[in-house]
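See below for the structure under consideration.
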Amino acid sequence: MFQFNPSKGMLALAAMNLITGTTANLKTCASSSGFSCQSSSTTPTCCFNYPGGAFLQTQFWDTDPVTGPSNSWTIHGLWPDNCDGTYEANCDSSRAYTNITEILQAQDRSDLVSYMDKYWVDINGDNESFWEHEWGKHGTCINTIEPSCYTGYESQEEVGDYFQKTVDLFKGLDTYKALAAAGITPSNSKTYTAGAIKAALAKVHDGAEVYISCSSGKLNQVWYFFNVQGNIIDGKYEAVDSLTSSACSKSGIKYVPKN
Ligand SMILES: *[C@@H]1O[C@H](CO)[C@@H](O)[C@H](O)[C@H]1NC(C)=O
Ligand SMILES: *[C@@H]1O[C@H](CO)[C@@H](O)[C@H](O)[C@H]1NC(C)=O
């Protein structure tokens with residue numbers, strides 16, 4: 001048990017965080033702060049995402065080569081979008097870290113790293129590089145997790161928050177299960193229509209349209225769009241329609257097995 005001892009203050013605080021499940025130390029946002037992309041405000045603040053106000057949780061179905069479990073899609077990333085299909089990229093080279101695994105481990109997030117090694121995998125087997133790319137290109141553009149938005153900021157705290165949040169969103173968007181529930185399962189012979197795929201995915205996205213993309217007629221990506229009230233870690237997510245036209249033909253879409 002912890003006994004009161006000023007020198008152990010940090011330890012006691014860390015223990016409290018574990019108990020309450022609190023991970024983010026971002027400044028609190030008023031529940032009245034507006035949803036991103038739904039307000040005329042053009043001022044980025046720690047509680048208002050701007051200009052990147054739409055957030056895309058993007059996923060892969062990689063079959064050549066195969067990545068990830070055969071009964072699950074894998075994570076591509078969490079990307080801010082300027083509410084119109086355009087986006088900013090590589091926003092802060094000073095925070096484009098090349099030690100993501102070490103950062104997460106130093107934050108006691110080894111379980112997160114294990115999960116990412118299974119579900120956030122690189123097509124060439126270089127997961128660390130893929131995570132560096134996603135963080136540097138997209139994560140550094142999210143204004144509500146800039147270091148100045150934290151109380152008692154600890155170095156690279158926002159990096160851990162970004163990866164954890166992306167994983168949490170992914171866990172709530174089980175594309176494999178959503179498709180299977182509509183009878184859309186991987187097959188070497190069957191084909192599916194874009195309408196059926198989109199209808200199945202809308203069911204897990206509050207009825208909002210989900211972006212799908214195909215390569216050589218094979219379904220290989222889905223993107224779920226959100227607007228956010230407050231910061232992207234503690235804020236409220238609202239499913240919204242895709243801002244980008246899907247890149248699959250209307251019918252004859254293949255969804256091939258991962259083996
Ligand atoms: C990761 O890299 C940054 C920038 O070089 C450095 O400041 C930080 O201490 C490193 N973190 C760990 C846990 O090695
Ligand atoms: C990285 O990704 C591959 C799959 O592409 C996976 O098999 C591997 O375990 C992952 N982790 C490491 C540390 O390479």
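Each Cβ is built from the backbone N, Cα and C atoms, and glycine gets one as well.
Any TrEMBL annotation is an automated prediction that lacks curation.
The signal peptide annotation in TrEMBL covers 1-24.
Here TrEMBL flags H76 (among others) as active site. The DSSP secondary structure for H76 (active site) is strand.
If you look up TrEMBL, you'll see E134 (among others) marked as active site. When secondary structure is read from DSSP and collapsed to three states, E134 (active site) falls in the helix class.
Positions annotated as active site by TrEMBL: H138 (among others).
Each of the active-site residues H76, H138 was scored by the number of other CB atoms within 10 Å of its CB, and the largest score is that of H138. Around E134 (active site), the same-chain residues at least 6 positions away in sequence with a Cβ under 8 Å from its Cβ are H76, G77, L78.
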